[in-house]
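**Q** Got a structure for you, questions after.
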Amino acid sequence: MSNPNATFRGVPLKHISLVTLVFQNSMLILIMHYSRIMPPVNGLRYHTSTSVFLNEVIKLGISATVALYDIAKNLPPGTPATVLFSNLLSTVFAGDSWKLAIPAALYTLQNSLQYVAVSNLDAATFQVTYQLKILTTAIFSVIMLGRVLSVKKWAALGLLMAGVAIVQLPQSIPEPAAEAGKAAEAKRWLQSIAKRSATYEGIQNDEAPLMNRSVGLMAVLIACALSGLAGVTFEKILKQSSTKQASLWVRNCQLSFWSLFPAFFIGIVFVDGQNIAKDGFFAGYNWVVWTAIGFQAAGGIIVALVINYADNIAKNFATSLSILVSCVASAYFFDFEITMAFAVGTAVVLAATYLYTQPDAPKPTTIAPLEGISTSESNEDADHLRPAEKPE
């Protein structure tokens with residue numbers, strides 16, 4: 001870990017990175033959600049596969065730039081650029097770095113499912129439900145890394161599941177809202193009969209595409225599972241890697257590079273290839289889409305900086321704070337109604353997150369008795385010692 005007391009113009013980098021993470025986490029989900037429900041651009045909605053691909057391209061560019069800067073600091077001044085790039089390539093592709101293609105593919109699929117989730121869930125519900133990635137990470141770490149969790153941590157995980165379940169409880173719908181829901185359902189069926197898609201085209205006259213809560217919930221649950229699996233796989237590969245001295249930025253380069261292949265061949269070519277060929281790569285793009293891509297690309301880098309200058313507990317605290325910000329912003333900007341069930345469930349999730357990230361109490365150490373003396377005998381002898389003879 002870098003110096004936790006490092007500062008920038010007198011301000012601790014730990015505080016800067018935490019505030020940046022809260023802002024990035026909150027704004028990312030809100031902007032992603034709005035980008036999926038905003039009116040189409042020239043009658044078209046952007047293809048999420050292109051945004052996922054561009055996200056990895058931007059992350060690779062930023063990470064490679066910082067990695068080159070780190071390499072240049074360790075080389076004599078005036079070193080040719082060709083030497084710098086050669087050192088970077090040899091470092092990125094050294095040893096068994098190709099194994100990172102596995103977690104990279106999982107992360108890419110997770111990012112794609114996030115777009116599906118925020119397209120069908122409000123930002124606040126997505127933020128709270130997405131905390132289940134703590135549960136999936138814990139389960140995969142127990143299975144794949146043999147990690148042992150304390151009773152307190154298991155209780156926190158059970159509390160986390162309960163909180164998310166409370167958030168998902170159906171709320172009572174007033175009569176006017178129920179009638180509006182029936183009208184919206186009828187409209188959806190008419191649209192499906194007319195073969196109109198709420199994802200790409202044919203909704204020029206619609207205020208926003210209709211959301212399917214079941215699809216959104218399924219997407220976020222699978223994304224949580226992939227997040228946990230990818231994180232634990234990444235950790236296991238790093239522990240078994242022969243190149244353990246690779247820097248944080250080199251690791252980001254490796255993940256971003258290997259993420260380009262599934263993002264391009266699976267997302268752009270296989271899933272959306274026909275639509276992209278017809279509409280164009282940047283169809284449906286505007287400043288909102290570019291902002292969402294930028295925030296998502298910055299997310300992984302900011303998290304890495306937080307862990308680098310602070311710790312994982314601080315990261316989870318910032319994530320919890322961003323949930324509260326997202327809830328308030330969703331209520332203000334998207335008319336999201338914070339019900340009693342949602343408030344209670346969110347409070348339970350935040351409490352579970354705090355409980356899980358707290359370190360376990362140290363186990364009491366026992367002093368082994370002298371050879372040939374049983375534990376009971378040694379305790380008995382100590383009890384018969386005079387106060388002045390008893391060890392302090």
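Keep in mind that glycine also has a Cβ here, set from the backbone N, Cα and C atoms.
This is the feature table in TrEMBL:
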TRANSMEM  15-35  transmembrane segment
TRANSMEM  215-234  transmembrane segment
TRANSMEM  255-275  transmembrane segment
TRANSMEM  287-310  transmembrane segment
TRANSMEM  317-334  transmembrane segment
TRANSMEM  340-357  transmembrane segment
REGION    365-392  region 'Disordered'
COMPBIAS  381-392  compositional bias 'Basic and acidic residues'
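Describe each of these features in terms of where it is and what it packs against.
**A** Sequence-distant contacts of the transmembrane segment (15-35) (same chain, six or more residues past either end, CB-CB distance under 8 Å): 8, 46, 114-115, 118-119, 122-123, 126-127, 288-289, 291-292, 295-296, 298-299, 302-303, 305-306, 308-310, 314-315, 317-319, 321-322, 325-326, 329-330, 333-334.
For the transmembrane segment (215-234), the list of distant contacts is 100, 102-103, 106-107, 109-110, 113-114, 116-121, 125-126, 129-130, 132-133, 135-141, 144-145, 168, 255: same-chain residues at least six beyond its ends, Cβ to Cβ under 8 Å.
Counting residues 6+ beyond its ends, the transmembrane segment (317-334) has Cβ neighbours under 8 Å at 18, 21-23, 25-26, 29-30, 33-34, 122-124, 127-128, 131, 306, 342, 346, 349-350, 353-354, 357 in the same chain.
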